[in-house]
Every structure is written in C-alpha cells, then in structure tokens.
C-alpha cells in the first residue's frame, strides 16, 4: 500500500501509513522499495517524507539491478531529487549491474535541462575519476552524451579540465568516433576544440573519426574534421558556405589518413555509398587521388563495387576512376561485383569499358566468381558478353564445378543450357559430380546425371575415389542409393574389374609373345635350313661343274692319247658305232675292229685296252671304295659299299690282263672319269629303286586298310543280326511269327560262312607254307597294332583275306527246340563261338591246326 502511495506522491496518505508503522523497506518482485518508487514522481515531497523516517545508510538501498534511488533520480532527470539524496549522504559512485554510476544516467538523458542534474552530481564531487568513469563496456559519461546528441551536456562535461575527449571504449572508439558516425557535426567541432593533444585518434582497425564520418555520408561532419575554429558564413548560389570551402583549403592539419589496412576516409565513403561526401572531397580538394589504393591494392571503385552502390560506381567512373584496377589478387572491381551478384553494378562497369575476360592470380574468371556466388543472372550477363561456360582456372576447375560445390541448381542449369561439359576433370581428377556428391546435393546430382555426367570417373591422386566413394564417405544414404541405381561403382569394384581385364590382356600378351618367339625361332630355323640347302646345292653344282670339267679334260686327253697311239691311221667315226656304244653300258662295250699300226702293235688292241680299262676302274670304284662325291655322302647310307656281282667284273679283268694297257700314260684321268660315271649311274638306280619301294608300301597299306574295313563291317552286321534275333525271340509276352523267325535264321546262316569243302579235301589241297616275306611281316605288324595279337597271328597265316573258306564255321551248331515253328528262343553256343570273336579271343588248337593244313 505504501509503495503505491509513494508512486503517486500522496503525502497525506503516506503520513497516515507511516504513523501506523508501515514498513517502507518492503520490496516488490524487482526488489524495489518505496524509496525507489518515490523518485518517479516529479515532486520531491514524498521522497523527503520517506527520508525523514530512514536511518543512516538506508538511503543507498539497491534493487535487483543494483540501482539506488540516486540512479533512478538521475535517470528521470529530477535535479531536486538528486540534490535531496546527495544531501542525505547518498553515494554517487555506486555502480549498477552494468557498471554505470548516476552520472552516466544523467548524461544519457536527451532533455536540454539534463545539464542541471549533471551539474548537481559534479558539484558534489568534481573529480577526474568521476568524469571519466567507464562502465563495463568502457564507455564514459561523455560517450553517452555524444551518443544521444545532447550538445549541452557535452559542453558541461568538457568544461571540466579532467574530462578526456579521447577515452577509448572496448571497441577502441572515442566520443569523437561516435559523433562522426552519428553525424553530430557540432559535437565534432566541440570535441575538436577540447582536444588539446591535437592527435587524430583511431579505433582497433585504424579508422579515424573522419573515416566514420565519410562512410556515414555526412558531408558537414567531414568538413568539420578539418577545421578547429568556428567559421560561419552565408551560403553561395551553389549552397556552399565559407565553412565548407575552408574544409580542405585552409586547414591542412587534418589529413585523410589511412587506417590499419590502408583505407582512407574516401574509400570508406565509397564503400558506404556516401556520394555527398565523395563529391565534397573531390570538389574541395582537386589533388585528391581517386585511384589511391589500400595495403591490398583495392581502390574506392573496388569498395563501391563490392558494396553494390551503383550511383557511387557511376560517380567514380564519371570523375575519372580507372575501370580495371588490379589489387594484389589481380581482382578488378568487376570481380568484386560478380562475387556479390550486383547485376546493375556489373552492367555499369561493362558499359564503362570493363574487360570481362581477365583472370585473377588463381586463374579464376569473372564467371567463376559469379558461379561461386550462385548468381545465375550475373552468369547469363557474362556469357552474353563473350565468356565461355567451360573456362578452367589454374586448378582445372570450371564454373560448373564451382556452382556444384555450393549446390546452386539455377546456376548449374543455366551453365548446362549453354553447353557446359559436365565431365571435365580438374587437375586432381574431380568433376562437378564429385563436388555435388561430396556435399550431398541430391538435386544437383540428378541434374548432372540427366545431362550426361559419367558416374565412374576417378580422381588422379592415390585414393582414386569415384563420386560413389564421396557419397559413402559423407554417409549420404539416399544419394548413394540413387547412384547405385544409375550404375555407379566404387573404386574397389573398379579395381576388381580392372584386375580381371589386366589378367586377360596379360595372358593374351604372353601368348602373343610366345607365338612371336616361336615364330622367330621357326623362321630362323627355316632360314638356316634354306641356307644349308642352298649351300649344299652350290657345293653340288660346283662339284658337278668340276666333274664335268674333269670329264671334258679326260675326253680331250683320251682323244689325244688315241690320236697319238694310232698315229696316221684314221679312226672310223661312224654315227652308228657311236650310237650303239651309247646304248651299251660302259662295261658292255666291245672293242673296235683291228687296224694296222706301224709299230707292230695293232691299233685295235691299244684302243680296246684303253676302253676296257675305264669300266674296270668304274667297277672297282663301286665295289672296293666309298663314294667320292660330297653330294652323295650327305644322304644316310650313301657311304656304304655295295656287294659286287660275280659276272660283271670277269671280262674287264681278263681284258686288262690279256692286253697291254695304253692308259698307263694317263692313269689319274681315267680313274676320275670312271668314278664320275659310276656315281651318276648308281644315283639314278637308287632313286628308281626308292620310288618303286615307296609305291609298293603305299599299295600294301591301302590294301590292308580296305581289307580290315570289310572284315569289321561283316562282323558288325553279324552282331546286329544276332542282337535283333535275340530281341525278337526272347519276348515272352508276345509270340513271334514263324515266318519272321525263319527269315532271321536264314539271314544269320547266310552271313555265317559255311565250309564248301571237307577237312580231308582241304588237307589234300594244302600246300607247303613259304617263309613269310618282308611285306607279310609288315602287314602282320600293322594288324597287330590295330586288332591285337590273335588276329595278327591269323593274318600272318593268310586266313584274314579268305574268311569264307574257313572250315571252322561248320562247328557252330544252332541249338533249337522241338521244331522251327515252335521255337521261342535260339541259343548260340558261346563256347563254340569263341573262335569267331573279333576282339582278341584266341583260336582253339584244332581250328589253328585245320587252318594251317588248309594253307
């Protein structure tokens, strides 16, 4: 009840309650007492009535926010309340929960008469510590007075010598920074006047109050920063005062100093779009460099393009700013605008002559930056001005990969509509699909696969990851399932497939390599064989030429010897005699007719002795010595001596012994001539004999094959007939027809060879067996290899070629039932049929003896 009465200031009711011992120390939910609530009423009577009933120290009772009645009196700007509380010993230095003292609350008031409250507090303790008291955020009472723009309070505070106009808060901002930021030009001027140090304070970023004024587009505030005395004048026709003109002309002490990053107030103004400040600075200071750069190479146009201020960009371009300045990263203002997606700024820059095909230090084009920002409209503007969608930076990445990295679907769709390649790999082997799968963008993956992106491209690094591997590593289950449905494979699956393919290719390579080695070996062997054959042929030809030359020289020597031995006698050269001699062999020629000789020796004897000596030499060369021809010695068996015949050397030996030999004069020539002729004759005879033997063997083999085939066919027909006969006769459930049985029996008997002659007649006609010849032995060995030992023995006896004449078939009786018509099953005696088995069953002794007697 007392709290409500104190709040409304009803002193009569308060007296009544206090007389009834009402407790004024009771607190509400905010822990406020009646004393706190009494400060709200403008009249100090209620507060004075309560103070009379309080004891010492109770005047500084604090509420929940640790604020006393003095805090609330300063907050409500009640100067009388403040005086009354200070008179009752209220502490003016108690901070609240935010670290503020009553002076902070008094300076924070915007009312013009707040100066009275401030003066009341300062008169109680005008100390420097009280003037520069900082709250928990580092703000002094001057900060609060500047923040609310209360110029009168600022004047009161700065009128004291201990007030600091350059005190920093926790953001390293002074009251001058806040005045410039908020555009309080008069307060700025006042603070500049109170700043006796003359220093230009800067914040944590190196920004001066001029930077803040420039970025806030407060031209008047910027102008105030460059003067220190108040200059007032009437404006001219253009609205400029002498105060404004003197900003940059007269007061050189205030300069546009850069901050810690090298940015000046002009750049700050451009970054904030402060066109008025920019115009003021450009108009009043002609030597201002519009293209000045910060420590990173950025200009005012960079700052304006990054912030997207179209009018500022147009103003700077109009005042002569460079359209394509490069910073340390080789970024132009166009790059900054593309990164942030300021389409109008981009169009303004392009219209002002900006180059769109420049790249930065990393090879990024303006289209890369637009794709990284996901600005589809900007990408379309750039591609309309000549940029291709597949430009690659220094890392090989395309604008499509940049857009896929952030999952910008609209930008990706626009690039794909302009025929961007979705399968381009960067230098690490990654595609746009890799980046989308890495970040789990399912819609981007669907778009890429729909535009022909390959799902199994691998990286170029050691891991060789595919898009599916990235989806698995990111644990994107839905994306993984979608990729598997579209044929995606992990690196492990691809390695298995590659291993199988490599093994198959390696096997094929080994086979081809072995084939080439064998082929080369065979070709080398064939070449060696051809070279050897050619060498042998050359040796034979050379030997033949030598033999022919020897034979020619021998004939010449013989002719000369005959001419010398005959002397003047003419030799008959009739063609008949020479023809007859040519038809005869060298050893069968007869001596010529006798002629007279002056020496008493008959010419016939001389010539006969000469001609008979040559066959003797030939025969002796064939019989007693090896062949001298190297061609003949190359074949196997050619070096073996042949057995001489008894009748072929009697006549030459008699002739040579009975007549004197005329060849004694030339024994070597006669010997060589005879050897050559004998060698030629022997070679021709051997070739003819070899051909005949080869033909004979071929005929014998063919005859043996035909005979064996006929024997096999007859045995097979006999076997089939027996099987069919058993099947017909052994069916118990069906009675066989007599006519069918009879036909089969007749066929069986017809196929079996019956004996046409008896045993005695066969023995009578048997001839003594000749010893087996070479052909018979060879035939027996062939049949033994094919059919077995017993059949080969039978073939050796000559029985295989005449199976129908064998009498052993008569011993094969048919055991039947009562009659032929009643026969149910014909049984063949297997013991008697053993001798007719075709498969290596031995003959009985009687049958073998009978067969030998028949032969």
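In case you wondered, yes, glycine gets a Cβ from its N, Cα and C as well.
The repeat 'ANK' feature in TrEMBL is assigned to 65-97 (among others). Beyond its flanks by at least six residues, the repeat 'ANK' (65-97) meets 30, 35-36, 38-40, 42, 44, 47-48, 51, 54, 56, 59, 103, 105-106, 108-109, 111, 113-114, 116-117, 120-121, 124-125, 130, 133, 135 of its own chain at Cβ-Cβ distances under 8 Å.
Under the heading repeat 'ANK', TrEMBL lists 137-157 (among others). Same-chain residues lying 6 or more positions outside the repeat 'ANK' (137-157) and placing a CB less than 8 Å from one of its CB atoms are 98-99, 103-104, 106-110, 112, 114-115, 118-119, 122, 131, 163-165, 167-171, 175, 178-179, 182, 184, 186-187, 190-191.
If you look up TrEMBL, you'll see 296-328 (among others) marked as repeat 'ANK'. Same-chain neighbours of the repeat 'ANK' (296-328): 261-263, 266-275, 278-279, 282, 290, 334, 336-337, 339-340, 342, 344-345, 348-349, 352-355, 358, counting only residues six or more beyond its ends whose CB sits under 8 Å from a CB of the stretch.
Taking the repeat 'ANK' (329-361) as a whole, pLDDT averages 92 in the prediction. Marked as repeat 'ANK' by TrEMBL: 329-361 (among others).
Look at TrEMBL and you will find 362-394 (among others) tagged as repeat 'ANK'.
Secondary structure by DSSP for the repeat 'ANK' (395-427): 17 helix, 0 strand, 16 coil. Here TrEMBL flags 395-427 (among others) as repeat 'ANK'.
Feature annotation from TrEMBL assigns repeat 'ANK' to 428-460 (among others).
The compositional bias 'Basic and acidic residues' annotation in TrEMBL covers 529-545 (among others). According to DSSP, the compositional bias 'Basic and acidic residues' (529-545) comprises 17 helix, 0 strand, 0 coil.
The region 'Disordered' feature in TrEMBL is assigned to 529-553 (among others).
Per TrEMBL, region 'Disordered' is recorded for 566-603 (among others).
Taken from TrEMBL, the feature region 'Disordered' applies to 627-710 (among others).
Taken from TrEMBL, the feature compositional bias 'Polar residues' covers 631-664.
Residues annotated as compositional bias 'Basic and acidic residues' in TrEMBL: 680-705 (among others).
TrEMBL lists 831-855 (among others) with the feature region 'Disordered'.
Same-chain neighbours of the repeat 'ANK' (428-460): 395-396, 398, 400-401, 403-407, 409, 412-413, 416, 422, 466-468, 470-471, 473-474, 476, 478-479, 482-483, 486-489, 491, 494, counting only residues six or more beyond its ends whose CB sits under 8 Å from a CB of the stretch.
Under DSSP, the residues of the repeat 'ANK' (329-361) split into helix, strand and coil as follows: 17 helix, 1 strand, 15 coil. A Cβ distance under 8 Å defines the sequence-distant neighbours of the repeat 'ANK' (362-394), meaning residues of its chain 6+ beyond its ends; these are 329, 334-335, 338-341, 343, 346-347, 350, 356, 400, 402-403, 405-406, 408, 410-411, 413-415, 418-421, 424, 426. Long-range contacts of the repeat 'ANK' (329-361) within the same chain: residues 296-297, 299, 301-302, 304-306, 308-310, 313-314, 317, 323, 367, 369-370, 372-375, 377-378, 381-382, 385-387, 393, each at least 6 residues beyond the stretch ends and with a Cβ under 8 Å from a Cβ of the stretch.
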